[in-house]
Amino acid sequence: MDLGAHCSVPACHQQDFLPFTCDCCSNVFCLKHRSYGAHQCPKAGSHDRRVVQCPVCKQMIRWTAEQDVNAVWEQHVRSGQCTPEKLKQQQLKQSKKPKKKRCAAEGCREVLLPSNQFHCRKCSQDVCLKHRFEADHTCEKKRQAQRQQWLGELKPWSSNKAKPKQTSQLPRAAGSATITTNTERCPMCQQKFNYVSQLIAHVNRAHPDISDSDGASASGITSQVAVRAAASAGNPPASEVCPQCHAVFSTLSGLIQHAETAHTGAVADSGRRTGDQEKCNVM
């Protein structure tokens, strides 16, 4: 019964029941002469896989130890295989290829699937089941970084929002200065006041019952003072002023509705006192 094979080395020629076949020269050798150097293989390195990347088209060029790298690259360029279009096609393929979702924990590269992923509600990270606890995926550090980033984005927004408020307060301050600096004088007793509110209070207190024959009623004087104050404050000349509370309205209908709802009792008392049928004297 013929089992095994004899070694191809002439000096050995040993029969081996488990011989080794060389992948380069295809000869049979024993355990001692199975390597390339042991049996001095003449085709050693013919299956050696070596590649070099072309700097123009980024393709991988195969070459062997017996060949020259520069000669192989020149042959690659002259053959017409080196084209930038192939590089663009490779880049498009790489960009279209979706990236696999991996664990967000530091040092973990496990691919996340619907069956092995966990979403942390505190730091909004997707991690694997091994790193689902807060201490395993640095949850607190991630939340602090997110908080600092949120505060950094909020500071310029709040500063830009505060600037228009400062500019809008300037016209109000200027308008109030024009009202307070001008001295107001009572048309009846010629008494001077620094504020319009003081003049209105004086007219209501000192001249409540002025007849129509004297020139104007107290409510008429009060409304004239309020209109002059509204004009100095920058309100439009067509604004209507309530003679009771000196509220300013843009239309006459708004003033009438305000007088009927807010000053019904005050007008009724003045009507009983003066006997006048008119409920509200609007200038």
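First residue shown is number 1, and so on along the chain.
Glycine too: its Cβ is placed from the backbone N, Cα and C atoms.
Features reported for this protein in TrEMBL:
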| type | residues | note |
| --- | --- | --- |
| DOMAIN | 1-49 | domain 'AN1-type' |
| DOMAIN | 97-147 | domain 'AN1-type' |
| REGION | 152-175 | region 'Disordered' |
| COMPBIAS | 157-170 | compositional bias 'Polar residues' |
| DOMAIN | 240-268 | domain 'C2H2-type' |
| REGION | 263-283 | region 'Disordered' |
| COMPBIAS | 270-283 | compositional bias 'Basic and acidic residues' |
Stretch-averaged pLDDT - the domain 'AN1-type' (1-49): 86
Helix, strand and coil residues within the domain 'C2H2-type' (240-268) as assigned by DSSP: 16 helix, 4 strand, 9 coil
